[in-house]
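Marked as domain 'Peptidase S54 rhomboid' by TrEMBL: 1-126. The annotation transmembrane segment is assigned in TrEMBL to 24-41, 47-68, 75-96, 108-127, 139-159.
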Amino acid sequence: MLINLAAQVFIGIPLELVYSGKAILLYCGGVVSGALLSAALDGEVFLAGAAGGVFAIVISHLLTLIVFYDQMEFVIPRVVFVSAFAAADFVVAVFQRHYTNRIDRVSFMGHIGGMVAGILLTFVLLSGQRKRRWQIFSFWASIVAYAFFVIICFILAFYPEAF
């Protein structure tokens, strides 16, 4: 939990500076996506923490660094550090889910759902920064893809017999 809190502070605050108040939508979208994907694909274990929201802001931070690399300082070390953090957290979550005998195992699907939300919703947030043709297309494609993802996860979680 402390790692999630640290990520929210050290990664979330820079995102707030870039996207202003819209970053909370990114975080909430990651939480919703992570919870729905976990319920849909890994419903027999607990869902705890803020992994979906944290991974949404982590992935968004990485994409923002890549898109605005010419306007930011120390891009490569930041990408390496944030990627290493995300990879380590994900590996620990998978290990704890599949290779421990604990009763309180926690799903790692929240991490994946957060990653999906981070990728898709970042393109929605980026549309307000610069108005290029690819950003207009990615805005609408991301909204449609995110809505499709949420609907499919909802159906799988609450109506699994539909598939």
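In case you wondered, yes, glycine gets a Cβ from its N, Cα and C as well.
Just so it is clear, the model here is predicted, and its values are computed rather than measured.
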With Cβ-Cβ distances below 8 Å as the criterion, list the same-chain residues six or more beyond the ends of the transmembrane segment (139-159) that contact it, or say none. 29, 32-33, 36-37, 39-41, 43, 113, 116-117, 120-124, 126-127
Over the span of the domain 'Peptidase S54 rhomboid' (1-126), count residues by DSSP class, listing helix, strand and coil in order. 101 helix, 2 strand, 23 coil
